[in-house]
């Protein structure tokens with residue numbers, strides 16, 4: 001008698017959570033293996049699935065932005081992880097941000113209650129047997145025994161970079177007589193808290209960052225500290241130049257406190273506008289917790305408190321969580337993976353998420369969707385699917401499987417990954433809109449493969 005179809009998913013981060021759900025939705029039994037809380041990672045704080053360890057934001061909502069287009073594609077494909085993000089969204093201007101505690105708890109409960117999902121809390125130290133259909137979604141913090149087995153299997157050393165998380169403060173400890181609520185260019189409903197700096201305050205703050213003591217990074221060569229450019233520590237930005245932070249996370253443009261006067265008065269605007277602005281984004285549904293946007297850091301915790309309390313409005317800030325830095329591991333995917341996310345040398349083994357070399361939450365979810373869908377199809381005796389390269393989700397999987405291998409580095413969603421449009425469109429907004437329209441149209445055949453959308 002033939003065995004019932006079955007898939008194993010290793011890792012219950014964003015990619016693994018999505019992959020396990022897609023397998024179960026296809027009617028295939030799935031075992032989801034997660035090492036937390038048996039073994040903790042350097043960056044996680046809970047044992048819930050799909051824990052967001054860096055920001056609580058999935059990026060821009062608008063579908064004429066790269067991150068927003070990817071989110072919209074995933075909604076149309078029936079993504080549990082993105083649908084649940086919509087359910088547990090918190091105000092964030094034009095971005096999709098979530099109450100991370102409630103969000104992860106809802107996803108954990110959804111999988112725990114699904115009759116086709118078996119959850120095993122243990123550390124997987126080896127790749128499963130070759131005949132077992134498996135999704136590898138252990139993420140950039142894959143435990144060392146499994147990482148070593150993966151190196152033996154691929155015959156290649158893994159790649160790595162260093163990532164960091166931002167601090168979080170209690171909202172009621174922010175001084176709103178100094179800080180003010182607003183969204184950049186008044187987009188949204190004043191969803192951010194903004195801490196303005198004059199030039200003297202900014203320069204003193206930068207100097208303090210440069211002089212602050214950093215925490216020691218363990219288990220790596222200090223001469224090979226590669227950072228991901230999209231998530232640089234704030235102290236690294238400070239080192240790169242006097243104005244680097246002002247043109248990055250501390251840019252003041254588009255932010256105005258009505259207490260300064262009439263923004264339409266040119267003289268008032270010139271006299272009162274901030275030299276730099278630190279933004280805080282709501283972290284939870286109730287607005288009690290706020291994270292410092294773009295303030296990934298590896299400073300020692302005592303130094304973080306000392307330096308960050310120099311920010312106007314944060315002089316008495318109470319820190320719920322300090323920033324941390326950790327090593328992220330990823331595969332040399334162009335040498336190893338097909339666009340279906342199957343390993344070339346073992347088609348029953350698929351990879352998903354940041355370990356494949358994509359960057360960003362939505363990109364991890366997209367990889368989980370495709371790997372889970374294809375694992376289920378393999379279990380059912382069907383051919384795996386390949387997403388169109390004209391879609392953002394497909395462009396990412398084609399990139400990680402087909403990119404030049406020299407110095408392969410993680411890639412976030414961006415319109416530069418998409419094939420050229422048939423016609424040249426000079427206006428950027430119109431061009432991005434055309435990319436969106438083509439992507440969503442080309443995605444339509446994939447939607448027929450999916451059952452009804454469900455959210456937690």
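In case you wondered, yes, glycine gets a Cβ from its N, Cα and C as well.
Marked as FAD binding site by Swiss-Prot: 11, 12, 13, 14, 15, 16. Non-local neighbourhood of residue 13 (FAD binding site): 49, 50, 51, 137, 138, 139, 353, 354, 364, each in the same chain, at least six residues away, with C-beta under 8 Å from its C-beta.
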- Task: Look at the binding-site residues 12, 14 and tell me which residue has the greatest number of other C-beta atoms within 10 angstroms of its C-beta.
- Result: 14
- Message: Restricting to the chain of residue 16 (FAD binding site) and a gap of 6 or more, list residues whose Cβ falls under 8 Å of its Cβ, or answer none.
- Response: 9, 10, 32, 34, 49, 135, 137, 138, 139, 352, 353, 368
- Please determine which of the binding-site residues listed here (11, 15) has the lowest count of neighbouring CB atoms within 10 Å. 11
- Task: Could you find out if DSSP has residue 16 (FAD binding site) as helix, strand or coil?
- Result: helix
- Within 8 Å of the Cβ centroid of the FAD site residues 11, 12, 13, 14, 15, 16, which other residues of the same chain have their Cβ? 9, 17, 18, 19, 49, 50, 137, 138, 139, 352, 353, 364, 368
